[in-house]
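Everything on this sheet refers to the single structure shown next.
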Amino acid sequence: MLCPVGTADGRSQAADASAVGSTNRIIKSGPCQPPPMNVSIVGSGYVGTTLAACLADLGHEVVNVDVDEDVVATINDGEAPIHEPGLDELLEECAGDRLRATTDYDAIRETDVTFLALPTPSREDGSIDLSIMEAAAESLGEVLDDKDGHLVVVKSTVIPGSTDESVVPAIEAGGDLTRGEEFEVAMNPEFLRMGTAVDDFTDPDKIVFGADEESAYDALDAVYEPLVEQTGAPVVRTGIREAEMIKYANNAFLASKVSLVNDLGNVCKEYDVDAYEVADAIGLDDRIGERFLRSGLGWGGSCFPKDVDAIRAAARDVGYEPAVLDAAVEVNDAQPERLLSLLDDHVDVAGKRVAVLGLSFKPGTDDVRGTRAIPVIEGLRERGADVVAYDPVAVESLREYAPEVEFEAADSAAEALEGAHGAVVATDWDEFAALDHEFDAMAEPVVVDGRHIVERRDGITYEGLTW
Ligand SMILES: NC(=O)C1=CN([C@@H]2O[C@H](COP(=O)(O)OP(=O)(O)OC[C@H]3O[C@@H](n4cnc5c(N)ncnc54)[C@H](O)[C@@H]3O)[C@@H](O)[C@H]2O)C=CC1
Ligand SMILES: O=C(O)[C@H]1O[C@H](OP(=O)(O)OP(=O)(O)OC[C@H]2O[C@@H](n3ccc(=O)[nH]c3=O)[C@H](O)[C@@H]2O)[C@H](O)[C@@H](O)[C@@H]1O
């Protein structure tokens, strides 16, 4: 049982001094209340803002540091800079009280623990680009000179070795500091999903602490203790490199699971088998699990494509060809063309209006990074179709993200379908399940569903991608 005890400098110690080692240990918390911590979070995007609001809600004093003045002003106004259910409410309650935001790194001096929640994008070749992390770590180093044992926690998704080999040297260079003196490091990967970020953070399947110093585990225990207390979530204590890899393994496994279910689904389609009935049955086997078995157009988003590419590039860097991950990407890349070939079976779309329903990478968000709707629209344009697209929230973000993608925007699914010679479904927005008489206004009522959301009905020619 871990019972963090407050110390004079506001940090905490665990009463249980478990040995530090590379073997993971799952620890359940005990019924003790740690004192609040002073926490800073660098980067206020999806992860940083959610973390800040949730930690403030748990009773900690939190400061968000971001280079973007608009983001900072929005948080200080008690609003979320990103759309996440429940986040505005938390910020409204905590901002100006236990939570504030600033562009000034100096604010970090007043805190005991700093989380780095910064973007880790892909380079052209898919490998991880750590330049934002390194720049921020250097700025952090500049303000840690008068500290003693400050804990820096890497929250971003980074390739094994990045914390030790890139982040630590950047902090040291920023302030002529030495790890183990002014600061210590830890790695605490994040598993929240967009659209359910607050719920995922406040009810996690697991919490992973990667560290190699007992004091680092203790500080993380103190930060997370109220959450562990509330939820009983298992805490995995492991090494820094293992924590870094756990995040990639988690995302790569889930992306590959979807690709496997798509691969099997493509076979199902050829044999006139409903892949969803198959998935429902195999999901009853605990070893498979019922979640992440929705076959269709494949995975997108800001993380699966980036993270799978980064870990593949890292594997190749050390001379290993990750065959299963390569195949997962290959299957994923092929799904949009499979969808369009089903449409080709019924309509020659050249010169004709075709409706695309859904643009975001998944329902519940306006995020279009990695959305499968882009290759679908591009494939339709290559066939000479006039594309009319509808999405309840993501039209503007797609225009901004990919201005070269040509489509006419409709204000409703009904408007997109009117006069169309075919419709394809790219995102499983709930509202598409309710579509019915709207299909009657199509010039040719052919619907190819990439997300198993539209209901089969009389009067339409319906093709499911894997069912
Ligand atoms: N978005 C998600 O659902 C999840 C993301 N992650 C990982 O977390 C990390 C962060 O991702 P997001 O929160 O999505 O990023 P984001 O792009 O939403 O936000 C990043 C924030 O960092 C700020 N920033 C950039 N440079 C800065 C600097 N030098 N100093 C201070 N602030 C700076 C930006 O202004 C922005 O507000 C990435 O490694 C990502 O892979 C992990 C789990 C879930
Ligand atoms: O590292 C990250 O950023 C996050 O990436 C994913 O979260 P997210 O990208 O928000 O979205 P998911 O809900 O996982 O969906 C990803 C993609 O897979 C697709 N998907 C998901 C599940 C499924 O059964 N079938 C399927 O095609 C979705 O449509 C979507 O395009 C992971 O689920 C999170 O645990 C992780 O923290």
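Placed from the backbone N, Cα and C atoms, the Cβ positions cover glycine too.
Fair warning: this is a prediction, and the values are worked out from it, not measured in the lab.
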Listed in TrEMBL for the NAD(+) site shared with Asp66, Thr157, Lys306, Arg369, one of Thr49, Thr50, Thr120, Thr178: Thr120
Matching residue for the substrate site, where TrEMBL names Lys247, Phe292, Leu293, Arg294, Ser295, Gly296, Gly300 - out of Lys147, Lys362: Lys362
In the chain carrying Arg369 (NAD(+) binding site), residues 6 or more apart in sequence that have Cβ under 8 angstroms from it: Gly300, Gly301, Ser302, Phe361, Tyr401
Cβ-based isolation winner (fewest other Cβ atoms within 10 Å) among the binding-site residues Gly296, Gly300: Gly300
Recorded positions near Thr157 (NAD(+) binding site) (Cα-Cα within 10 Å), from Lys247, Arg294, Gly296, Cys303: Lys247, Cys303
Proximal but sequence-remote residues of the same chain as Asp66 (NAD(+) binding site) (Cβ under 8 Å, at least 6 apart): Val42, Gly43, Ser44, Gly48, Val72, Ala101, Thr103
By Cα-Cα distance, the member of recorded positions Thr120, Cys303, Lys306 nearest Lys362 (substrate binding site): Cys303
Set of same-chain residues at least 6 away whose C-beta sits under 8 angstroms from Arg294 (substrate binding site): Val258, Val261, Tyr276, Ala279, Asp428, Arg451, His452
Alpha-carbon distance [Gly296 (substrate binding site); Lys306 (NAD(+) binding site)] in Å: 20
